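Remarks on the structure that follows.
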Amino acid sequence: MSFLKRKQSIFFLVLFHVILSQAAVIPTSSSNQYIPLELFKRQNDHHLLTKRYVNDTSFKLYNERRTEYLIKISVGTPPQDFMVSFDTGSSDTWIPSSKCSNRACKLNAFDSSKSSTFKLLNMSFSITYGLGSISADYAKDTMRLGNISVSDQTFGLAMSVGDNIIAPTDNTITSSGIFGLGFPALTANSDTALAYDPFIFSLAKQNLISEPIFGVYLGSMDATGWAGEVLLGAVNQSKYTGELKYVPIQQNVNPKTQKLDYTYWSVGIQDIKVIRNNQTASITAAGNSSESSMKNAMLDTGTTFTYLTKEMADKIIGLITQRKPSELGQSNGLYVVDCNLKTTEVKLELMIASVDTNQPVHWQIDVMDLIVPLNENRCGFGITYKENSLNDNFIIGDIILRSSYLVFDMGNKRVGLASAIGMKSSVF
C-alpha cells in the first residue's frame, strides 16, 4: 500500500536528546499492567483512574525544533534499541535493516543475524510519505516498549529509505523509523493472509495493559528537555485540567477494499470558527449536524502542521491577520505572518462531532500557539493546505494536538480531549 503523509519541511527537521528517568503515573488496575513512556518530543470513565502512584520506566524527548516526537522501542533478542517517530497517522512500524545501503540507514539499523527470535516473512511493502518513500520486508520478532514485550510482533524491516524521511546527522539523535499507532486496517498487508495487529493493538488484545487505551501529552511547542508522555492502559490526570470530552472515531474508505472501515484516528469536523473581539466567524458555513456537512480530520502526531483545503486555510489566515492571503507570502509551505501574533487574543475553534451531533464538542485553541518562528525576523502560521489531500481528510498535526491531552480509546473507538496542563486551550 502507498499513501500520502504530510511531514515537516526539510529545513525544519528535528534533533533529539534522550534522557532516561522515572515518572509517577496513575494506573487503571492493580491486576494488569500500564506503562508510562515519556515521548521524545457517554459513560462514566472514573473507573479508569485510581490514586495509587507507581514508578516505572519513562523516556524523555529533547524538543529542539518543534517538529516531531520520538519514542524508544527495542526489537530482537537480545534487544536492539531504536528511536522512532510516534505516529498516530499510520499503522505499520518499521526500522531500517542493516542491509539497507541508503545514507538514512547508516547510523542505526537492525541486524537480524544478531537476533535469535527473528523471522522473515514472505511479503514486501512500500509507503510514500511527503518527503520520500520506503520499501520494506515484513518480519516478526520480539518488540519491547519499556517493560512490556510482545513476541512474534510483525513489523517492517526497511531495505530502502528516502534520505529526507529520517535525515540522520552524525552528532545527534534522530528518528530511526516509524512507530505506527493507527488501526489494523491501515497496515499495508491488512487485506492479505499476513494481516496483523500493530503493536499497540497487540498489547490490548493480549491484555498486557489494563484498558485498551493510551493517553498522550505532547507538551508545549517551546518546551526544552522532555516534551511529552504516552501512558498505556490509563490516563494521567496530572496532565490535563477539566473533564475529558469523548468524541467518536469516524470511518474512512479503505483504499484496499473500497469499504468504510476504521483506519485513521479521524474525528468529524462540523465547523471551524475564528473568534476575534467577541465576534465569531464561521469558516465552513456548515454549522449544523448534517453528516453531509461534516469533514473527517485525522489526528496525526506524526505530522508537524495542520492541513485543510486551500479555501479554508485562506479564510482562516485572512480573518486572523486582516489581510489577503496573497499579500502574506509563503515560506516552506506556511503563510508568513507577523511574529506579534504570538501575543494575539484571537482564538480558533474546532467543532467536533459527538455521539449527539446536535451537541458538538468545542475545541478552542489560542492562535498565539499556532505561530511558528521561521527565523529571527519571520514567523509562519501552523495551519496551511495541501492539494489532493489523502482520502479528502483534513490532517490535524502537532501544532494543534499539543494544546490538549488526548486519550485514544481502541476498545470504544473514540478519542477523549481535555485542555493540556500549561496550555491555554479549552475543551467544552
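Every residue, even glycine, has its Cβ placed from backbone N, Cα and C.
Automatic, uncurated: that is what TrEMBL annotation is.
Residues within less than 8 Å, Cβ to Cβ, of D87 (active site) and separated from it by at least 6 positions along the same chain comprise I178, F179, G180, L181, G182, D300, T301, G302. Residues or ranges marked as active site in TrEMBL: D87 (among others).
Marked as active site by TrEMBL: D300 (among others). For the recorded site, D300 (active site), the DSSP three-state label reads coil. Neighbours of D300 (active site), defined as other CB atoms within 10 A of its CB across all chains, total 27.
According to TrEMBL, the disulfide bond annotation covers C339-C379. If you draw a 10 Å sphere around the CB of C379 (disulfide bond), it holds 21 other CB atoms from the protein chains shown.
Residues annotated as domain 'Peptidase A1' in TrEMBL: 69-418. Each residue in the domain 'Peptidase A1' (69-418) has a pLDDT score, and their mean in this model is 90.
According to TrEMBL, the signal peptide annotation covers 1-23.
DSSP classifies C339 (disulfide bond) as helix under the three-state reduction.
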